[in-house]
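Visitor: I'd like to ask some things about the structure below.
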C-alpha cells in the first residue's frame with residue numbers, strides 16, 4: 001500500500017443533525033471539543049493514522065450532514081466506504097427512531113461488505129436520557145451490528161469506537177483475502193481429439 005501505512009480505510013459518520021457527529025469526529029481527530037461547533041454544511045473529512053494489531057491504518061473519516069436536504073449530496077459518498085458509524089443522540093428519541101432510515105440508506109448506497117457501528121452519543125447527559133441503553137442494545141442485536149455509547153464532550157468511548165471499527169474492517173479484509181487465496185483457479189479442462197484425426201474425419205465427410 002504505502003511505506004507510511006499498511007491500510008487506508010474510508011469511514012463515514014451519518015445520523016440526524018445535532019446528534020454530535022462533528023464533535024465526535026473532532027474529539028477523535030484532534031482530541032478537542034467545542035460547544036458551539038458550527039453545523040456541517042454538506043460534507044467534511046479528517047484524517048488520522050492509528051495502530052491496529054501491529055498494522056498502521058490511515059483513516060479518512062467523512063462527516064456527512066444529517067439534514068434531509070443534504071442527503072442527495074452525501075449519497076455518493078457511501079460508495080467505496082469501508083465502515084459507517086451511525087450516530088444518534090441518547091437525549092433525542094427521534095434521532096434513534098431515524099436510525100432505521102439511515103440503515104436503509106446504507107443498504108441502498110453502500111457496498112454489501114461495509115462494516116457498521118451504532119453509536120449513542122452524549123452519554124454524559126444521563127439525566128436527560130430518552131433512549132435506554134438496553135433498548136439500543138436490543139435493536140443493535142436485532143439488526144446485527146455492534147453498539148457503543150459515547151460522549152464527545154467527556155471523551156468517553158470515542159477512541160474505542162474508531163479502533164473497534166478499524167479492527168473489524170481489517171479482519172474482514174484479511175478474511176476476504178484468505179478466501180480468495182483458497183479459491184481454486186477456474187481452469188477449464190477441455191478434451192479433444194488430435195487435429196490430424198479431425199482433419200481426416202472431415203475429409204471423409206466431404207467426399208462423395
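All residue numbers here begin at 1 and follow the chain in the order shown.
Any Cβ shown, glycine's included, is placed from N, Cα and C.
What Swiss-Prot records for 15-23, 33-40, 63-67, 121-124, 151-153 is GTP binding site. What Swiss-Prot records for 196-208 is compositional bias 'Polar residues'. The feature S-geranylgeranyl cysteine is assigned by Swiss-Prot to 205, 206. For 189-208, the entry in Swiss-Prot reads region 'Disordered'. Per Swiss-Prot, the feature motif 'Effector region' maps to 37-45.
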Visitor: So what's the average pLDDT for the motif 'Effector region' (37-45)?
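Guide: It averages 68.
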Visitor: Return one of helix, strand or coil for residue 15 (GTP binding site), based on DSSP.
Guide: coil
Visitor: For a quick check of packing: other C-beta atoms within 10 Å of the C-beta of residue 123 (GTP binding site), how many?
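Guide: Looking across every protein chain shown, the total is 21.
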Visitor: Near residue 153 (GTP binding site), which residues of its chain come within a Cβ-Cβ distance under 8 Å, counting only those 6 or more away in sequence?
Guide: 23, 33, 35, 122, 124
Visitor: Counting every protein chain present, what is the number of Cβ atoms, excluding its own, within 10 Å of the Cβ of residue 19 (GTP binding site)?
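Guide: For residue 19 (GTP binding site), the count of other Cβ atoms within 10 Å is 26.
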